[in-house]
């Protein structure tokens, strides 16, 4: 999902107590990294997927934390502060999309990826599912993951650097390197297990923060009457449809379409110990998400009353959470709340680093070394996986070194890119026996191209007609579905093994 994106301009005071809290947070992450390293067996599946042994609670919060990023704590409250309750449509779309994802994608993907050659990456699953002997589908989907996630990761590093610059007055590059070092350390050594455990830990911190800040803010304002004050300041602040057209509402709501194709989220379903644990994970995960998003909305709404009440000049709405945490809380608690922002940022970075690393190792290096070498030289492949984490991180840091780099403009559209290219393909692969390799490649590429074309040439025409301002995932998703279906109908049908496998997956999923 989006990170802070813009410069954080509000300076806040930090003392030794705040630094201690941040240091304790970093120390816990390092310890978890060591734990993950000690648990490692030298097996690639273990390093990249935790050996498919992750429990439901870690699965749930890991999926949520890696999904939300700094957007939930920084971006969403800032958006609600600026536009009012109408910004909540995106939270409705995301929650509904995540909920459906647990039902429609999670069980079948967990079973099918293990059945289809024990695939540990999404491109590997596509290859095995469609018997892609030429590896065309695997290479193209792998390239999409590597390119877009490198850009995605760099935006997280930028957010981390700017947080330290804003909250502590430290040099941006120092903050960037510090965040990068900690994330690289526990991801490099601990692999998937460490990333999942840290995501769980960070998810708990994020949830506490999103509940604590709006409650304390209301206690220091007018209690529940704060919302009455917000409405009195401007009645449309609590209007769910304020300033939104039908196109605008649909665009915000359609963010949920992207969930079916986000590699760093759906890989969590692949790693759970059993598909039978998914209902428990779903209940916790969706509850966490709903409470967290509602808390973020509440931060934005209470912020509308908080800023004038405390005579604060808020130059950047995205700094609202930082300012409220520093003004309302003791520095020690303020440090904990700043750690929550770091948790949101770092949980996403680590997940994206690992997915990109697994794609480089499993989808490219294995093609060079061969399947047999991969089976007999597991430790070599684990080391390549670790080195890939380092390489991707270095590239992302290099791009992030200049925070004003124009590549930042592309990152906000990565969700749509993955959603349009992978979401339809994942659904077809899990449910339709008629899907062909040609249909899969054509649909995936066409979805990505439509998103790029829409962003570059169609959206700038929004001033002519509102329809051109439609969120790019919608046309990209629709075109991908149509192209995948039509091309599959016109090309050679897959073997009978596909229907057999689909039936087997369906039967296993139905087992209680």
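Placement of Cβ uses the backbone N, Cα and C atoms for every residue, glycine included.
The transmembrane segment annotation in Swiss-Prot covers 16-36 (among others).
The transmembrane segment feature in Swiss-Prot is assigned to 54-74 (among others). Here the transmembrane segment (54-74) has long-range neighbours at 1-4, 98, 156, 159, 193, 195-197, 199-200, 202-204, 206, 209-210, 262, 264-265, 268-269, 271-273, 277-278, 280-285, 288-289, 292-293, 296, 318-319, 321-322, 340-341, 343-345, 347-348, 350-352, meaning same-chain residues at least 6 beyond its ends whose C-beta is under 8 angstroms from one of its own.
Annotation comment: Swiss-Prot describes 85-105 (among others) as transmembrane segment.
Look at Swiss-Prot and you will find 139-159 (among others) tagged as transmembrane segment. Same-chain neighbours of the transmembrane segment (139-159): 3-5, 69-70, 74, 121-123, 126, 176, 179-180, 263-264, 345-346, 348-349, 352-353, 355-356, 359-360, 363-364, 367, 392-393, 395-397, 399-400, 403, 407-408, 410-411, 414, 417-418, 421-422, 441, 444-445, 448, counting only residues six or more beyond its ends whose CB sits under 8 Å from a CB of the stretch.
The transmembrane segment annotation in Swiss-Prot covers 174-194 (among others) and rests on sequence analysis.
The feature transmembrane segment is assigned by Swiss-Prot to 200-220 (among others).
The transmembrane segment annotation in Swiss-Prot covers 240-260 (among others) and rests on sequence analysis. Residues 83-90, 92-98, 100-101, 104-105, 266, 415-416, 418-419, 422-424, 426-427, 466-467, 469-471, 473-474, 477 of the same chain sit 6 or more residues outside the transmembrane segment (240-260) yet have a Cβ under 8 Å from a Cβ within it.
Annotated transmembrane segment per Swiss-Prot: 286-306 (among others), in sequence order.
The annotation transmembrane segment is assigned in Swiss-Prot to 327-347 (among others) on the grounds of sequence analysis.
Tertiary neighbourhood of the transmembrane segment (381-401): same-chain residues 40, 42-44, 47-48, 146, 149-151, 153-158, 161, 173, 176-177, 180, 183-184, 187-189, 191, 353-354, 356-358, 360-361, 365-366, 369, 374, 407, selected by CB-CB distance under 8 Å and a gap of 6+ residues from either end. If you look up Swiss-Prot, you'll see 381-401 (among others) marked as transmembrane segment.
Beyond the ends of the transmembrane segment (410-430), by six or more residues, the same chain brings 1-3, 5, 104-105, 108-109, 112, 122, 125-126, 129-130, 141, 144, 148-149, 151-152, 154-155, 255, 257-263, 266, 439-440, 443-445, 447-448, 450-452, 455, 471-473, 476-477, 479-481, 484-485, 488, 505 to within a C-beta distance below 8 angstroms of the stretch. The transmembrane segment feature in Swiss-Prot is assigned to 410-430 (among others); the stated evidence is sequence analysis.
The transmembrane segment annotation in Swiss-Prot covers 438-458 (among others).
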Selected stretch (most C-beta pairs under 8 A with the transmembrane segment (85-105)) from 200-220, 286-306, 327-347: 286-306
Intrachain residues whose Cβ lies under 8 Å of the transmembrane segment (200-220), provided they are six or more past its termini: 25, 28-29, 32, 57-58, 61-62, 64-65, 68, 72-73, 226, 288, 291-292, 295-296, 298-299, 301-303, 306, 321, 324-325, 328-329, 336-337, 339-340, 343-344, 346-347
Sequence-remote partners of the transmembrane segment (16-36) [C-beta within less than 8 Å, at least six residues beyond its ends]: 168, 182, 185-195, 197-198, 201, 205, 330-332, 334-336, 338-339, 342-343, 346
Distal contacts, the transmembrane segment (327-347) - CB-CB under 8 A, six or more residues away: 3-4, 14-15, 17-22, 25, 29, 62, 65-66, 68-74, 156, 159-160, 163, 167, 179, 182-183, 198-199, 201-203, 205-206, 208-210, 212-213, 216-217, 220, 310, 312, 321
